[in-house]
Amino acid sequence: MSQLKVVYPGTFDPITRGHEDIVRRAAGLFDHVVVAVAKSPGKHPMFTLDERVDLASSILSDCPNVEVLGFSGLLMHFVREQGARAVVRGLRAVSDFEYEFQLAGMNRQLFPEMETIFLTPAEQHMFVSASLVREIAQLKGDISQFVSPLVQERITLKLA
């Protein structure tokens, strides 16, 4: 029986409890999950690619079938290189759906053999976004319910 490998891509700047929830759900459904941390230089991330990979690796270290890798370039090329059959995407709200639906359609046009699988996070994570977490932290707000203690500590150090 073949192993089902999927890729969960994102910038993860920083990785939030919502991201973590999606990864853990995917890890329960699929044999192998690759968390693909995008370089995303155009987004001017708070953390470097290596820092984001390190944070995600640390937070997900208890998941034996999860691997965290950085990548740059076209996602579908990375997915093929990994030998994955599908991309996992998180949907928080209807506003995410339109963009994700368009992206899934474009990916299917370019790579017909790839599937996109949508997962929704637990209710308490539905409205968490990395950009909102960064904004709250920059304004000295409490982000503890949105990120792990390790991420909160690293953000505090970045903003010091």
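The backbone N, Cα and C atoms fix where each Cβ goes, and this holds for glycine too.
Copied from Swiss-Prot, the annotated features are:
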type	residues	note
BINDING	Thr11, Lys43, Leu75, Arg89	substrate binding site
BINDING	Thr11, Phe12, His19, Gly90, Leu91, Arg92, Glu100, His125, Met126, Phe127, Val128, Ser129, Ala130, Ser131	ATP binding site
SITE	His19	site 'Transition state stabilizer'
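Contacts of Glu100 (ATP binding site) defined by a Cβ separation under 8 A and a same-chain sequence distance of 6+ are given as Arg89, Leu91, Thr116, Phe118, in order along the sequence. Highest Cβ count within 10 Å among the binding-site residues His19, Lys43, Arg89: His19. Each residue contributes its Cα atom, and for Leu75 (substrate binding site) and Met126 (ATP binding site) those atoms are 24 Å apart. Considering only the binding-site residues His19, Met126, Val128, Ala130, the residue whose Cα is spatially closest to the Cα of Lys43 (substrate binding site) is Ala130. Between the CA atoms of Ala130 (ATP binding site) and Thr11 (substrate binding site) there is a gap of 9 Å.
Residue environment of Leu75 (substrate binding site) contains 17 other Cβ atoms, counted within 10 Å of its Cβ in all protein chains.
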